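Below is one structure; the comments refer to it alone.
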Amino acid sequence: MNQRLTSQNGAPIADDQNSLTAGARGGVMLQDWQLIEKLAHFNRERIPERVVHAKGSGAYGTFTLTRDLSEFTLADHFRGVGKQTEVFLRFSTVGGESGSADAERDPRGFAVRFYTANGNHDVVGNNTPVFFLRDGIKFPDFIHTQKRNPKTNMKDPEAMWDFWSLNPEALHQVTILMSDRGIPASYRHMNGYGSHTFSFWNEQGERFWVKFHFKTQQGIKNLSNQQADKLKGIDPDHAQRDLYGAIEDGEFPKWSVNVQIMPEADAEKYHLNPFDLTKVWPHKDYPLQEIGVLELNRNPENYFNEVEQAALAPSNLVPGIGASPDKMLQARLFAYADAQRYRIGANYNQLPVNCPHASQANHYQRGGAMAGTGCPFHGRSPDSAGSVNYGPNSQNGPAQQAQYAEPPMDIAGAMARYDKTVEDDYQQAGDLFRLMNAEQQQALFDTIAATLEQASEAVQARMLSHFEQADPAYAEGIRAAIAAA
Ligand code: NDP
């Protein structure tokens, strides 16, 4: 038998098809609270879409640890071979709106949440190991160049290349984006990277710098520009369809999880700045160490509730895992949680997808919109435990756990806005270029030329001087491709 249809207050509804009217032809009575409730709720069905990463897909799964990392970290999910931890992963494109096509040339978000016994640990990364910028103060300007021009409301190749030409630190990521890996065939067929340098710390108070790598077990597959252009018209949601369908069919996608680990003191003497987000740590210096496998095996029941309202943040760290001086990470530690408070509200961490599933949240924060929503995994919300709303207290309220204090980190230096051009911007972009075979290099030239030739000559000249410094053959190929376009 069907469940009974009710209004929000649970009252049975007799007729949900006809408004309450004065006579058969109307008008409609203000008294029709049923109609008003439906329309008013409909008007509020959307929350602000993310400024970046608006179009996304998500799924739940399991992380299984295959190598114990107790010597490096206190983190529960990295201790005890065979331990399984529930995960949620949200994939996304970056620049497009929530209805945009999945086959755009764009980095892909790769945001993993581990629901650990000591709280949620989020690794909010991309499918690229580096980023366009090394300082968060440039981020709003950069994103403005990727979105619509405020006057024409169209994407703007001049703005995009103008910004990149004035910020050579972007060259490495631009090279990845314009390469054959710039349009992954699906979310299953790409790698993920934590990208930033994070830290591990252990019981002895030793700290290690760490990078996370998620290597696809489905194999890398990409789309050509032509394939992508066709797909955008036929099926703008192809990556969502692919992920959802694979999981429904029991073809659970998997990534092997790897880390690069650097002892704390190495950072001082390493030949590059290990906290610079525009650079990788070459594998020959710090080899990948496989630590486990991440599998996605459950689709969300409700897209809005669990994917749109999924609110991951790099500030979701757990004992044994910390931040690093990486300037972009420092900016994101603030910005992500702040964006979630704006999008969803102060109590976004009480929603089922966001609350800690394997750890009970207990704190003295009270009130705010939607307080007391509660985490279904624990049956009560963190703010409903008795009347005590301050700490310390003598009423048996939640108590500090001193054993989880992060070891102190030495920081030195005079306060200033340091010029970032002291870093090398060209070596690793060139390394990547030289790693490509002739066919991949030609595809790179053609892809860059297709939009760079739409920019002004001054911008083209500035960009070509950057390509030249990465590798003379890189600039030469683009020059020829622009001439042929
Ligand atoms: P390695 O030869 O040890 O590794 C090269 C890496 O490049 C591999 O991880 C490979 O991924 C990846 N790769 C190949 N083609 C592309 C592409 N078009 N876009 C992005 N990644 C690609 O070299 P190094 O560690 O010395 O690094 C050399 C260059 O490789 C770097 O400058 C960087 O651009 C790129 N790279 C390095 C990574 C690192 O963490 N060291 C990670 C990813 C890229 P796969 O094994 O999946 O084929």
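Cβ atoms here come from the backbone N, Cα and C positions, even for glycine.
Here TrEMBL flags 6-399 as domain 'Catalase core'.
Secondary structure at His53 (active site), taken from DSSP and collapsed to helix, strand or coil, is coil. Long-range Cβ neighbours of His53 (active site) (same chain, at least 6 residues apart, Cβ-Cβ under 8 Å): Ser92, Thr93, Val94, Gly109, Ala111. The active site annotation in TrEMBL covers His53 (among others).
Summarising the annotation, TrEMBL assigns active site to Asn126 (among others). DSSP assigns Asn126 (active site) to a strand segment in the three-state reduction. Shown in sequence order, Val94, Pro107, Arg108, Gly109, Phe110, Gly192, Tyr193, Ser195 are the residues of the chain, 6+ apart in sequence, with a C-beta less than 8 angstroms from the C-beta of Asn126 (active site).
The annotation heme binding site is assigned in TrEMBL to Tyr336. Tyr336 (heme binding site) counts 19 other C-beta atoms within 10 Å of its own C-beta, drawing on all protein chains shown.
Positions annotated as region 'Disordered' by TrEMBL: 380-401.
Under 8 Å from some Cβ of the compositional bias 'Polar residues' (384-401) lie the Cβ atoms of residues 362-364, 366, 372, 374, all in the same chain and six or more residues away from its ends. Residues or ranges marked as compositional bias 'Polar residues' by TrEMBL: 384-401.
Across the compositional bias 'Polar residues' (384-401), DSSP helix (H, G, I), strand (E, B) and coil residues number 0 helix, 0 strand, 18 coil. Mean model confidence for the domain 'Catalase core' (6-399) is a pLDDT of 96. A helical conformation is recorded for Tyr336 (heme binding site) in the three-state DSSP classification.
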